[in-house]
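**Q** This is the structure, below, for whatever I ask next.
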Amino acid sequence: MDRNVQVLVRLRPISAAESTAYGQKRCLIQDSSKTLSWTGHPETKFTFDHVACETISQEKLFRVVGLPMVENCMSGYNGCLFAYGQTGSGKTYTMMGELSKDGNELSNDSGLTPRIFEYLFARIKEEEERRREDKLKYICKCSFLEIYNEQITDLLEPSSTNLQIREDIKKGVYVENLMECYVSSVKDVMLLLLQGVANRKMAATNMNSESSRSHSVFTCVIESHWERDSMTHLRFGRLNLVDLAGSERKARALKETA
Ligand SMILES: Nc1ncnc2c1ncn2[C@@H]1O[C@H](COP(=O)(O)OP(=O)(O)OP(=O)(O)O)[C@@H](O)[C@H]1O
Ligand SMILES: [Mg+2]
């Protein structure tokens, strides 16, 4: 993890509908943990930082992608994770997956975001106990927005539409009037996710009956403070989790509504 930007490709299993329509034949073959071959003419090989196979579990993917980002953010670095791909390729499944209604238990299908926060709060507890003498404390606050037709809406307060992007010498780039909620457990985060996901713009495409038509950005600012040598130390890390709208052209993908 010594490079700033990494690209991981996740292959998803063939769906039942695809199998019925086209059979099990694949046009991509995974050659190694970093390379894929497209079996067309001419056959073409592509290399990435990682290629995750069709059968990789949500848990395993979290260990490869999510866990190192949490560790970096706790150390005061910013991290950003984008899911990019065409409609139905598995972006929302990867980023969110199944969200439990009561927010307590994660399931096999829970995606990166709930897993990241489960791990984050476990690590915070561990660190605060380990550095009790320093009076180390973490504070986390989250926001959730969507970008649709180049307009920003607050997914936690959907009446806040057309929010503006501003720049400030101290804060950097930020979205004005965006709601920020303090969170201290996976349950708190899960409730925000459920609320936000329900407010997101959706429509059916030819390849996904529950297609997210907007970009969504879930942000968590992780602040830590501790005391040493009679001084208070402060550290900030920001984690952006982005589920992009399908990368296909809208006119070709949206279902005909006669
Ligand atoms: N790795 C996977 N394993 C099992 N099912 C998956 C996997 N990836 C995606 N799916 C399923 O495929 C369908 C489409 O996935 P998803 O909604 O995540 O696509 P998307 O990339 O977010 O599409 P869109 O751009 O239209 O929002 C969903 O029913 C999802 O549960
Ligand atoms: Mg989606």
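Glycine is treated like the rest: Cβ placed from N, Cα and C.
The domain 'Kinesin motor' annotation in TrEMBL covers 4-258. The ATP binding site annotation in TrEMBL covers GLY85, GLN86, THR87, GLY88, SER89, GLY90, LYS91, THR92.
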**Q** Out of the binding-site residues I have (GLN86, GLY88, SER89, GLY90, LYS91), which ones have their Cβ sitting under 6 Å from ligand 2?
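**A** List returned for ligand 2: LYS91.
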**Q** If you take the centroid of the Cβ atoms of GLY85, GLN86, THR87, GLY88, SER89, GLY90, LYS91, THR92, the listed ATP site, which other residues of that chain have their Cβ within 8 Å of it?
**A** ALA83, MET207, ASN208, GLY246
**Q** Would you identify which of the binding-site residues SER89, THR92 has the most other C-beta atoms lying within 10 angstroms of its C-beta?
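**A** Sorting the candidates by Cβ neighbours within 10 Å, the top entry is THR92.
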**Q** Using DSSP and collapsing to three states, where does LYS91 (ATP binding site) fall: helix, strand or coil?
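**A** Where LYS91 (ATP binding site) sits, the three-state DSSP reduction gives helix.
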**Q** Around the C-beta of THR87 (ATP binding site), how many further C-beta atoms are within 10 angstroms, looking at every protein chain?
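**A** I get 22 for this one.
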**Q** Across the domain 'Kinesin motor' (4-258), what does the mean pLDDT come to, as a whole number?
**A** 92
**Q** Under DSSP, is GLY85 (ATP binding site) helix, strand or coil?
**A** coil
**Q** Would you count the other CB atoms within 10 A of the CB of GLY85 (ATP binding site), including those on all shown protein chains?
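**A** For GLY85 (ATP binding site), the count of other Cβ atoms within 10 Å is 16.
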